[in-house]
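J.: The structure follows.
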Amino acid sequence: MKTIEPEVNLALAAEHGLNAEEYQKIQEVLGRTPTFTELGIFSVMWSEHCSYKNSIAVLKTLPREGEALLTGAGEENAGLVDIGDNLAVAFKIESHNHPSAVEPYQGAATGVGGIHRDIFTMGARPVASLNSLRFGSPKDPRVRYLVDGVVRGIGDYGNSFGVPTVGGEIYFEDCYTGNPLVNAMSVGIVEHHKTVSATAEGEGNPVLIVGSSTGRDGIHGATFASEDLSEASEDKRPSVQVGDPFAEKLLLEATLEAIATGYVAGLQDMGAAGITSSTSEMSARGIEKNGNGGITIDLDLVPAREAGMSAYEIMLSESQERMLIVAEKGHEDDIIAVYRKWDVQAVVVGTVTSDNHVKVLHHGELVADIPAESLVLGGGAPVYIREAVGKKPDTAPAALLPDAGLDLRALALELLKRPNIASKRWVYRQYDSMVQTNTVTPVGHTDAAVIRIRGTKKGLAMKTDCNSRYVYLNPLAGGRIAVAECARNIACSGARPLAITNCLNFGNPYKPEVYFQFKTSVQGMGDACRAFNTPVTGGNVSFYNESTHGGGRAAIYPTPTIGMIGLLDDIDNLVGSAFTTAGDAIILFGDPLLKLEGSEFQVMQYGTPGTDAPDIDLQHEKNLQDLLVTLAEQKLLHSAHDVSDGGLFVTLAEKAIMDESRQLGFQVDLEDCGSGPYRVQEQLFSEAQGRVVGTIAPDAARAVIEEAIRHSVPVRVIGQVVPADASLAVDGHETLRFTTEELTAAYYDALENALHLNELL
């Protein structure tokens, strides 16, 4: 029965998120008015989520070349980096923000599933998962609901799928109350000769859909992700996909076995925009690679979960756990047999053509006929450069009180209880971090997560990071710091930083101040990546992260989340974060100008982050990274932990108590600290960049100092590790003294209390 379709006109195009200029361009491309199905195809492919139309011009300024890169940014489903021994790492980070705002459990779960599919469609087996999460204040009951749903969704999907969740970060700021951020990262390993391209090539080659049946879930999910959240967004729960980790596990194993047959010519995940994006993007890559390509697909052959689905619905469905395969002609039955073995559907639905078009048949009629390149990023999709106007942060400078008027000991303990500082144990204990048995240390015991690479002596380090408060206060410095802190964490673990992926979360790009934040923070990221020789392999842009919750429309803090990988040539060089041995000397690398601007302490004590971010010296950061890796290779570092959120006091406290099986204490005396009235606050709580606290054997001090001098990194001994308890002095004057027990109680219980006992700590 023929589906009755609405009349296609400018008004209907506007309902699909297309402006008048874009609708006119579609008519010019086709030479006619589009069909309803074609309008739907253009609307999702030209959405911000798929086309990057407001961001691609800026993204092209990032460094995208490096000796170890095997694919360029955006060329495939994920970045691919050579790590030697005929092995490569595939890795990528993506957002699932809007779905998680309206349906936190499924939104987060399908975010995890989708990013893993991007990895194994390249032939790589996922070996690790990380995440980066942002929520509003834990005082808000809905925020607690969102946190619970997101954490359970990540944990349930990852645990069931069998990939360890080894790291991540979580922050709480009021600006995320109505618009949480859920960024998921997957890392996989593949032998060079087993990689697969997301390309449609070989005229006459059969095209197969494998995996789950197609339903009505997720229709216009890409469009939903390309608009502002509002109170009406709750009505868009049908745009949120529903995931099945057990189905994806079967799909993974079947796909890797199918690739091993040698009969898979091309492979693409069906993520945003489903069949539409996979057919369009694979066709366009075929044209780019060979000069011709295209796919003709018959929707009558697509396994449908629901009866009576229209061509529009089938093409735009974002049902999960599906992929598109181009098989070598004559071997499609071999591919189908592999999937049947794993009880996974595999059906031939079309063929590769050479006419450079995506053609869609339904009930014997041609319902879409579109030039493939007109649909995709880098082809005919629109590209815009928006107005960018800098705006001073809407925050006040802090009126600091002299040290003498403050109970700094009480404030230090209170700082440990802050949700942004306190242990995230309640979160990561819901994740299986040890499945696959490659995870080297428990979560949080190293500054970067590290897994062993089987069959080699190597280790793979990985980290996600971004302090969005810094980016809000100073987009250029904040973008640089996001990359620098990731690299610093990688180096603290003993690994050399290799490359990054990014997930750029911002507000509405049509607002000049938001586009300025985006453009300027990307510039900062690029500066840092060039300084560290860590090219960008790809990633994701998520605009329109604004909401009407809280009495007015407001954008989130600009949040360019960085995902980074690094390599340990010898896993025995791994360095942990925590103190290891009583009697060790405590050393501080780095000696920047200390100020409280942007710090968690300043927000807690003075109610404002101030008006600027910490300073950042990229050359010093690179020197520090090289020094840390050198010291790890020389087996001179017993531990290393970077100074970041909460400042030096929090770093020392974490080093003392983070290994719950072996807690130690410290005695530290900070000398030559000047005479300013705020010097103790600045020494203990400044988040000045480029600093790391390490521990070494006392007799190694000379060798370490000499190596630091060779690397042009300031270093000084500030104390020693003791069996228990802690004391901190500034210029010989006792300021703080703690028991191990009270540090532990403050740090480990606070977040769970805040989330479940309605206490904002």
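A Cβ is built for glycine as well, from the same backbone N, Cα and C atoms used for every other residue.
Quick paste from Swiss-Prot:
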ACT_SITE  HIS49  active site
BINDING   TYR52, LYS92, ASN502, GLY539  ATP binding site
BINDING   GLU94, ASN540  Mg(2+) 1 binding site
BINDING   SER95, HIS96, ASN97, HIS98, ARG117, GLN241, GLU318, SER319, GLN320, SER542  substrate binding site
ACT_SITE  HIS96  active site, proton acceptor
BINDING   ASP118, ASP269  Mg(2+) 2 binding site
J.: Cα-Cα separation of HIS49 (active site) and ARG117 (substrate binding site), in Å?
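T.: Cα-Cα distance, HIS49 (active site) to ARG117 (substrate binding site): 18 Å.
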J.: Can you tell which of the binding-site residues ASP118, ASP269, ASN502, GLY539, ASN540 lies nearest to ASN97 (substrate binding site) in space, using Cα positions?
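T.: The answer is ASN540.
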J.: Other than TYR52, LYS92, ASN502, GLY539 themselves, what residues in this chain have Cβ atoms within 8 Å of the centroid of the ATP site's Cβ atoms?
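T.: Counting only non-site residues, the set is LEU59, ALA73, ILE93, GLU94, THR501, CYS503, LEU504, VAL536, GLY538, ASN540, VAL541.
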J.: So how many other Cβ atoms are close to LYS92 (ATP binding site), meaning within 10 Å of its Cβ?
T.: 27
J.: Greatest CA-CA distance (Å) over the residues TYR52, LYS92, ASN502, GLY539 that the record ties to ATP?
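T.: Binding-site diameter by Cα atoms for ATP: 16 Å.
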J.: Determine, using Cα-Cα distances only, which of these binding-site residues is closest to ASP269 (Mg(2+) 2 binding site): TYR52, GLU318, ASN502, GLY539.
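T.: For ASP269 (Mg(2+) 2 binding site), the closest Cα among TYR52, GLU318, ASN502, GLY539 is found at GLU318.
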J.: For each of HIS49, HIS96, ARG117, count the other CB atoms within 10 A of its CB; which of these recorded positions has the top count?
T.: HIS96
J.: Could you tally the C-beta atoms, other than its own, that fall within 10 angstroms of the C-beta of ASN97 (substrate binding site)?
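T.: Neighbour count, Cβ to Cβ under the 10 Å cut-off: 25.
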J.: Minimum Cβ neighbour count within 10 Å among the binding-site residues SER95, ASN502: which residue?
T.: SER95
J.: Which of the three DSSP-derived classes (helix, strand, coil) applies to GLU318 (substrate binding site)?
T.: coil
